[in-house]
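Engineer: Following this message is one structure expressed as structure tokens.
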Amino acid sequence: MLDLLQQQPLLVLLATIAAGAAVGAIPVGPLRFGAAGALFVGLLVGALLPEVGPQLGLFQNFGLALFAYVIGLGAGKVFFRDLRRNAPLMLASIAVIAVTAVTVRPLAAVLDLDLPTAIGVWAGSLTATPAMALAGDLTDSPDPAVGYGLSYLVGVIGTILMIMALASRPWSSAPRDPASTSDGKLKFRAATAHEEIAVQDIPGVAERRVRVVAVNRRGRVRLLSAAELIRPGDRVVLDGTSDSVSTAVEAFGSLTKETPGAIMQTVHVAMIIVTARELADRRLGHLALRERFGAQVARLRRSDVESLAAPETELKVGDRVLVVAPYRRMEAVRDFFGNSMRGLSDLDWVSLGVGMSIGYLVGMITLPLPGGASFALGSAAGTLVTGLVLGAVGRTGQTVWELSTEINLTLRQFGLMLFLGAVGLASGPAFVETVVTPVGLRSIGMAALITALTACLLILAARLLGQSVERTYGAMAGITGQPAILDFALSRTNDPRVTEGYAQLFALIMVVKIVVVPFLL
């Protein structure tokens, strides 16, 4: 039976991915290992079927390139937009990675580990899959994957333990990162105006904390622009968090117990899916919805995040928009945005194929290193950098580079499972030979040291930079690039600064880890 399976590498890979997904879904305390389950199952199966792994190089390469490319697409806009604002924390995180990288050679010497294994341990402690892949390519050795497999669990569990320790002794002051004063939940509220005021002068409107949805003036429902006036006696529907709406209403009137629906008698409110590709990367303010349909977008929901819409809000395919429009025009509004479940699942294979091809070409570019050496970026770094740039650009003419959130997440998970399953199968024999040996134990010890050093340095930097504990949670997940750690942090608090901290560092630090690897050899 085993001899038969040795000749069926694709069957073994698919079975490994399936079993790995099942293992990854099993809760282990506060977390699940997700796609990493494919790595662990692959290591075990690879030890039983040592001839399978070497036949899966193409799947390994493609899976990693796909994963890196779609991550870059998803993070491109945020990455470049927030470079200046979040520069202090970003620079501090780069410094932390540099310090941990400097310790690799000394720790390898002290613990008597060969350098490729030590680099794999460093990558695993930071769950840096593309960095491990590059180390394997540059050394032409399975040892980085072995070190990665030994240290991965240590990196995840160790960082979670550091978050738990930080949660038990948090700091209260965060002068440069104040907490939101709201509960974060958007809700329609009804109010009556007692004084005249321009919509744009209402507290919170300019800051996008509050939105005036509709005004009922003597039985006629109107959608006001920012420059128009609310007059005494107007019945107003506002959207925002409870605290923000209460503050806004104090400036012109009082909240009432009237339902928003009773005020908006002649308009309809509907959640619509954006599937019209021509709207991708377009700003709401440029769509002239009021002129075309007498409509406006009140909210936008992207993935699991809901926010108030603004004229400068850029649309993506897959966004859900909450539209307020007259009943008779709502069907036309739906057609304008697409609102097609089939359109939501359509993938632009042209943009995906062209984008990844560019990424592979970028990965072939050779960069010089000190001492006359050189290295190519490789498929992972090349596709990641290309994805970041194309994600920031959004579209070129009629070509839309960005993917809908649903498709992005699906391709990301598929690529990661494909890569981890293949690399596990290839590294299984060496892993089993190492895990129960003194080398394996020393590797685990090195992983614990690197994990603790990374977390402590990042916590110290965040504290000195005046960042909040909540943003520090997210930064700790971002510097490891580990969704399981982010999920755990969010289980401690639903503060939006956790997710923001993760997004700030995720793509940047992934690139930094890849760039660092050639300097460790």
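A Cβ is built for glycine as well, from the same backbone N, Cα and C atoms used for every other residue.
Checked TrEMBL, it gives:
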type     : residues : note
DOMAIN   : 176-255  : domain 'RCK C-terminal'
DOMAIN   : 259-339  : domain 'RCK C-terminal'
TRANSMEM : 6-26     : transmembrane segment
TRANSMEM : 33-50    : transmembrane segment
TRANSMEM : 62-80    : transmembrane segment
TRANSMEM : 87-108   : transmembrane segment
TRANSMEM : 145-167  : transmembrane segment
TRANSMEM : 349-369  : transmembrane segment
TRANSMEM : 375-393  : transmembrane segment
TRANSMEM : 414-432  : transmembrane segment
TRANSMEM : 444-465  : transmembrane segment
TRANSMEM : 502-520  : transmembrane segment
Engineer: Write out how many residues of the domain 'RCK C-terminal' (259-339) are helix, how many strand and how many coil, based on DSSP.
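Structural biologist: For the domain 'RCK C-terminal' (259-339), the helix, strand and coil counts are 26 helix, 29 strand, 26 coil.
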Engineer: When you check the transmembrane segment (33-50) against the transmembrane segment (349-369), do you get at least 3 Cβ pairs under 8 Å, counting only pairs 6 or more apart in sequence?
Structural biologist: no
Engineer: Cβ pairs under 8 Å with the transmembrane segment (62-80): which stretch of 349-369, 444-465, 502-520 has the most?
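Structural biologist: It is 502-520, which has the most Cβ pairs under 8 Å.
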Engineer: Do the transmembrane segment (414-432) and the transmembrane segment (349-369) share at least 3 Cβ pairs closer than 8 Å, excluding pairs fewer than 6 residues apart in sequence?
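Structural biologist: No; fewer than 3 Cβ pairs under 8 Å.
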Engineer: Which residues of the chain, 6 or more past the ends of the transmembrane segment (375-393), have a CB below 8 A from one of its CBs?
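Structural biologist: Non-local partners: 61, 64-66, 68-77, 79-81, 130, 133-134, 137-138, 355-356, 358-367, 369, 401-402, 507, 510-511, 514-515, 518.
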Engineer: Sequence-remote contacts (6 or more beyond its ends) of the transmembrane segment (444-465), Cβ cut-off under 8 Å?
Structural biologist: 88-89, 92-93, 95-97, 99-100, 103, 107-108, 111, 113, 118, 121-122, 124-126, 150-151, 154-155, 158-159, 162, 166, 171, 176, 471-472, 475-476, 479-480
Engineer: Need a quick answer: max count of Cβ pairs under 8 Å to the transmembrane segment (87-108), which of 6-26, 145-167, 349-369, 502-520 is it?
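Structural biologist: Looking at each of 6-26, 145-167, 349-369, 502-520 in turn, the most contacts to the transmembrane segment (87-108) are made by 502-520.
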Engineer: Sort out the residues at least 6 away from either end of the transmembrane segment (349-369), same chain, that have Cβ-Cβ distances under 8 Å to it, and list them.
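Structural biologist: Same-chain residues near the transmembrane segment (349-369) but 6 or more away: 65-66, 68-69, 73, 375-387, 390, 399-401, 403, 518-519.
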